[in-house]
DNA sequence: CTCACGTTGCGCACACCGTACGCAACTCGG
DNA sequence: CCGAGTTGCGTACGGTGTGCGCAACGTGAG
């Protein structure tokens, strides 16, 4: 075989038949979420994502303007995971809001990489799924009896609380994930460092009353519920004039 | 002048006298904050930071292990900006907590780049300044009468709310800053997009009751206060058995 | 059936990034 | 005066996002 001929000229070595395969934006987004879930934020590079899809890095740019836009799409797609109660009835609003809040938190913990992105992308001009959730929350507070001007503030209060606490948890969990330990091993391993730090501040020492026999996850769940209950208490107190 | 001699051999071209100048970690951190404030997150590169300090990029590594550690230092340093009330008295706890919350929010808005970093670094093993703030909050809830086990949850609830809402605001503000417009111009410019989006959802349309004659910043301030009041209502309801 | 055209994938190239490494120049204790 | 230790920096490596232009394909007009 003479080497000066183009090596792909032969019929046999020609790339297998279709080879066109039509990349779609949806494929790209779901592949990106998969990659993020498995390897974390900084592992998402256009090259790596491309090779996951058997495509070159720059091929993605036909369907996505740039990396930032990809991330916006990914974030909104993930918002599609939270499900909204079908109806909004007067008495059930508190349970419904609690459910949405739990879903929002669970979504954040399923995809901890979303926390830093939320800080960048914000919730300002985000896609249809995020708007759907916002609108669903509005519906509940509407049914609860909040006047039109106050509904958005009430909804904003609970989303702020949920996002805030879930962000902390997500950062903490992805830190643990990077370390390769389990959550229990992790808290046990930095116990001495914490003890030393709290030696100068008795208030912090008392604060560390975590019983070693309950799973940290249960503590986190209970903390979340506690705060959410307080927020909802404060909001429903507003309703009873 | 023969070229095979080292060109710096001459006494005259020798680098000016001291040239040693002693870089410190503190200098690096404050220069990093300055750079972040002026140009945003992605503008902070070791090279650019180095040249701001008239130093090579890799010189920084003598004082800072790596970029992540720099960011942790920077975040904690910024936490030093929030000031704590000197005393904790029973009746004043609500005002004191309100003040801390306002400070925390103001700090986040002064340094909007902190929002994504908080999502990554979390508040877990953060430095002395952040611990000082946490401890200061504990003191207030302690004085308010919360039992030892509940104090941390109460404090966590209000920090979660503040961080959550401030994160959204920070993302929104840094988006605006990147666009080069003022906040008012910005909201006016995306008005048509919002109108179109809310056409399918009457609830969203109603929500957009922003009067064009009040500054958006005042609206944000009022929204923040509203939510904070509700959170504190819910917490103090806990105190009255 | 033919062929030109629009769409899509991809290789290349560029500028930039974090940072490991080792040398040179300085400070300082002995 | 001299060795040791500290600090700054130049070089280099492997990685990144992405602009650009070419090649291969599906499609519809003639």
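Each residue, glycine too, has its Cβ placed from N, Cα and C.
Just so it is clear, the model here is predicted, and its values are computed rather than measured.
The region 'Disordered' annotation in TrEMBL covers A:1-21 (among others).
Look at TrEMBL and you will find A:22-82 tagged as domain 'HTH tetR-type'. With DSSP states grouped into helix (H, G, I), strand (E, B) and coil, the domain 'HTH tetR-type' (A:22-82) comes out at 44 helix, 0 strand, 17 coil.
Tertiary proximity for the DNA-binding region (A:45-64) is limited to same-chain residues at least six positions away from its ends with a CB under 8 Å from its CB atoms, namely 21, 23-25, 27-28, 31-32, 34-35, 70, 73. For A:45-64, the entry in TrEMBL reads DNA-binding region.
As annotated by TrEMBL, region 'Disordered' applies to A:197-221 (among others).
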| Over the domain 'HTH tetR-type' (A:22-82), what does the predicted model average in pLDDT? | 92
